Amino acid sequence: DFSKAMSQAGTSQFQEVIRQELEYSMKIELDKILATAPSNELEHTKKDLEGFKKLFHRFLQEKGPSVDWGKIQRPPEDSIQPYEKIKARGLPDNIASVLNKLVVVKLNGGLGTSMGCKGPKSLIGVRNENTFLDLTVQQIEHLNKSYNTDVPLVLMNSFNTDDDTKKILQKYSHSRVKIYTFNQSRYPRINKETLLPIAKDVSYSGENTECWYPPGHGDIYASFYNSGLLDTLMGEGKEYIFVSNIDNLGATVDLYILNHLMNPPNGKRCEFVMEVTNKTRADVKGGTLTQYENKLRLVEIAQVPKAHVDEFKSVSKFKIFNTNNLWIALSAIKRLQEKNAIDMEIIVNPKTLDGGLNIIQLETAVGAAIKSFENSLGINVPRSRFLPVKTTSDLLLVMSNLYSLNAGSLTMSEKREFPTVPLVKLGSSFTKVQDYLRRFESIPDMLELDHLTVSGDVTFGKNVSLKGTVIIIANHGDRIDIPAGALLENKIVSGNLRILDH
């Protein structure tokens, strides 16, 4: 045992030496990069690289999945409240004064590349020519007009989306919404083999675009604080932010949740509220809320030991997942940020660049900070508050007659008999938005659809109706044109179908 203990001590000493060497090499490389920064970018770059250095230090310290599976418990009954209970309290007469303490923050760092678009994802047209950003502004403007309030919109951009977003913002200069932006950090991607940055200097245009990345939405706390905007908004009497992904069309301001925050029934305010919703088979990978070391904690699939992944995905054991709609007290962010006390697990995201180089980027997720806040709460909200558009299959749903649009908000049509959304799987010919749009002369009637799978070279004429389960498969080299006015109900269509043949 003694020799075993000695060899373990030796191993850990050896690992410590390697860690220190890696940190030292990293410091030298980051200093070289910083030396290339122009004077007007120096302060900003320095803050970014300091933040990255802290993250890298933690990455070297932590090993493997960071949850001890044996410590995971079900959250206590009252730590996740049903939305119905929150709504049943009703609203106070002075809801406007409560609204005036709110700021809406949208995470706007992502590009539309996964849907074949250049530029910010928020500028993709989703409904009647309106983009994600248009709908967000319309929602808040409607709120401000209805209640005579001043709820501002804050966009957290990344260096990828900032310029394009700012150009577009001019079109809202006459709307009744104050819009602020701040940028999340810009961190260097690291070579998977050497664990050193692939960037040689501070520039991020041209061939250097691949050297940098925005480090996930967990960066919001530091960036918001460092930008000075947090203090500005607190100075204006703002108390809570409502944070959500800009591509989640269900994430609108909910007055009942806001009232619950501002006027808690037990007199003790929550610093952090996470909206969760019931898992379906489509959400098995979503992060879930658990009780861990007497705190509410978000556990993501990446943190789960391999042996327990199937258990984590089970809809019966872990019934809810995080929608990433979060309500957070500004004063708490300030306090924790100043104490450097926000603890978020590191997500290691491996990627292969166009030239074949393997890199890793170190990221954090905004919801993971829940365990650092006092008196946190989960609220189990209806599925309608989670309507993300990640693919053209999602886009088809929100463009269809399943939803009606009112003041920037989408609501499920009353004509649909059951409140669940149909399962839609469009094949690779539909991945890019422009291909997808070309394949539909008009969006089909989907009010009575349960399931749609489309694969291969398929196009839809005008005024097609889809009902029940519809599967359309064009084999390689074949093409299927669904004629205008067709009604497909519980049908499988395969082979080759050209309108000209009929």
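Each Cβ is built from the backbone N, Cα and C atoms, and glycine gets one as well.
What TrEMBL lists as UTP binding site is Lys121, Gln184, Gly216, Asp247, Lys390.
Annotation source TrEMBL lists substrate binding site at His217. Around the Cβ of His217 (substrate binding site), the same chain contributes Leu107, Gly109, Met156, Gln184, Asn245, Asn324, Thr364, Ala365, Val366, each under 8 angstroms and 6 or more positions distant in sequence.
Considering only the residues assigned to UTP binding, Lys121, Gln184, Gly216, Asp247, Lys390, the longest pairwise Cα distance works out to 21 Å. When Cβ atoms from all protein chains are considered, those within 10 Å of Gln184 (UTP binding site) total 27, not counting its own. Neighbour counts of Cβ atoms within 10 Å were compared for the binding-site residues Lys121, Lys390, and the top value is held by Lys121.
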